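I have placed the structure first, in the form of structure tokens, so that the comments after it can refer back to it.
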Amino acid sequence: MTRFVLVLHSHLPYVRAHGMWPFGEETLYEAIAEVYLPLARMLERLEADRVAAPMTIGLTPILTEQLADAKVKEGFLQYCQDRLVRAEDDLARYQATDLAASAAHQAAYWQETYEHYQRLGGDVVGFFARAQERGQIEVITSSATHGYSPLLGSDTALWGQIKTGTDAYRRHYRREATGYWMPEMAYRPKGHWQPPVEGAKPGMRAGVDELLYKAGIRYTFVDAHLVQGGQSLSPQIGPYGQLEPVELVESSDAVYQVHELESGLRVMARNQETALQVWSADYGYPGDGAYREFHRKDPISGLHHHRVTHRKAGLGEKEPYYPDEAFKRTKEHARHFVGVVEGLAHKHPDGVICAAYDAELFGHWWYEGPAWLEAVFRELARSKAVKAMTAREAVRGKAVRTALPEGSWGRGGHHDVWLNRETHDFWRLVYRAEHQMVAAVQRFGRDQNGKRRALRQLMRELLLLESSDWPFLIDTGQAVEYARERYEDHAARFAEIYQMLRDDRIDIGRLAELEALDNPFPEADPSLYAAGDQDVSAKNLVAELLEATYPARMARRAANKAAYGRLPDYQSLRNTLQEDEPPPVVYESEAQEPGEPPAGLGEKKMTQLAEAIPSSASGVTGTRAKAPAGKAKPSEAKAEPEAGTAELEPTARDVFTRIKGIGPTYQKRLYEAGVLTFAQLAKLKPARLLQIVQARVKVDAEAWIAEAKALSKKRE
């Protein structure tokens, strides 16, 4: 019987405490709400119904570290509460309109998301660990921060990425990792290596597979072209990508085989037919007209209330989204997909079909994706031609001995996405930092106390600097300045710590600040770099390069900030728009990439600017999430009213939203504090008014009070 392996690769770069929107923590919060929690609920339902779901899910170490972080957990709850406020505002705003069904669905969805996260105690990692322990799924690992393996400057640097990743996996998932997702599916065999830019040494290098096998890894995955020749399936859909047409080329027999390299590492290739069936722009399921449109957003809330409609429809032509119809389509598409898999199984009865995808496709880019996955597993449970299993089970038994070429999933099947003229400066910093890490461990590795602590933080900054996300974002053009600032700042912090070590003057206070900012891998082991090249310089090469490029870098950053300026937040936008006017139809430009800040913001009209509003928790300062049983809701803890503002009967309330700048949320807080009339509002002092409404944006409390006095006198 043909083996079927469904693999989801989950990865996001380190964004904790590094901005919110459009690039930063919000991307992580979106993934938690739209991908990881829906997948968890899917697994819970299948487990309850005793339906097998032997999914293989890769959770990269840096993603796992963030999911387990206390600051991230707190921030996600605030984000979730913010989204619930938006959804309930939309529910009220779109009553008796074509968007009512979508608005009701959104409100229920965000309430469920909030309650589910609370029920898990915020422990998303723990959920997947328990699902693995009970045999429902398999969790695999990757490099610590998704470093691009073939281009790292030494075997020592690559070993630091691999071993830190497997150590983190053991700490979080309570077992040794045997499966591994190579970042960007990038592989390099053993042989002579020539660095692409200055800073690293040429010479003989171990194959990526050899170091993986040494770390206890027994299998991994590659793109189909590495085992059968031809072109890669790029561009793929991922955290920053989008659907694009790809020509379908039928997979050769090699794609249906398990391969074993000389090192002993086993390899499965991503199946092209199943991959394209899901995310091809020409005929992939997410392009069905009933599914929710990702790119069009509500002009005020930023939520999605429209459907794809048809593949060629402009964003202004998108029609209202009807959730019931969309979720019916997931079952039809699941049956079709399993039929495709069974057709492939008929041609390859003893083969393995490896359907591998980025996890963020399911729920984020394709909202109904988790429901489709659930339906697929229910259909597979009835199949007599295909047996679903984890990757660990599938690689057992017979394998074909293979020698793989160098390559990746990227453009041209090689390294062009991560290595080009725009990314050379990135690699120059990486190679110098890797060199200095070895020098620091050799000089100070035996010291204790402050130096040992400084070495550990030095290692964290190196790992974060090496992330493949930075050159990827630069190449796609979607977050160029954010990516450059991120890797330059990690390099600067690396240079700062290295100088402390070199000068034998550890600033413990400053070190603590850096530890609080960049805190993954609490057990990071600098001794992993002790076996590096013995012929290393003690110079602060990273600092020298940063100093030489300082004027140009600062000019570039200043120009970027001037171009974009500050975007309005949700609350200020709501307070600006008149509630008795219908909202303008606003959506992203068709040329704009998902998540990209709109170009030329200074020239945009207010209605266009509304589409770019950040959806971070800082935009709305209230919560409508239901409190756990037995506990008061946040809104039930009323503030003591100011003298002379005794509560009136509920019917005796003035509409404070008549005052410019006061929206529904501020009005609600005033009511909760016992301030119900213009006369009562007019008696408040500005400081007390600000305390009640909890404004997180600048507001004119004195103007509110003056207008309340005028409205009160007008009534008299």
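Keep in mind that glycine also has a Cβ here, set from the backbone N, Cα and C atoms.
Annotated features, as they stand in TrEMBL:
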DOMAIN    5-396  domain 'Glycoside hydrolase family 57 N-terminal'
ACT_SITE  E184  active site, nucleophile
BINDING   R270, G287, W409, D469  substrate binding site
ACT_SITE  D358  active site, proton donor
DOMAIN    431-529  domain '1,4-alpha-glucan branching enzyme C-terminal'
REGION    578-644  region 'Disordered'
| request: Could you round the CA separation between D358 (active site, proton donor) and the residue listed as 'active site, nucleophile' to a whole angstrom and send it over? | output: 11
| query | If you draw a 10 Å sphere around the Cβ of the residue listed as 'active site, proton donor', how many other Cβ atoms fall inside it, taking every protein chain shown into account? | reply | 20
| By a simple count of other Cβ atoms within 10 Å, which of E184, R270, G287, W409, D469, the recorded positions in the record, is least packed? | G287
| Can you give the mean pLDDT for the domain 'Glycoside hydrolase family 57 N-terminal' (5-396), rounded to a whole number? | 93
| Which of the binding-site residues R270, W409, D469 has its Cα nearest to the Cα of the residue listed as 'active site, nucleophile'? | W409
| request: Please classify the secondary structure at R270 (substrate binding site) using three-state DSSP. | output: coil
| note | What DSSP reports for the domain '1,4-alpha-glucan branching enzyme C-terminal' (431-529) is 76 helix, 1 strand, 22 coil
| query | By the DSSP assignment reduced to helix, strand and coil, which category contains E184 (active site, nucleophile)? | reply | helix
| remark: G287 (substrate binding site) falls, by DSSP collapsed to helix, strand or coil, into helix
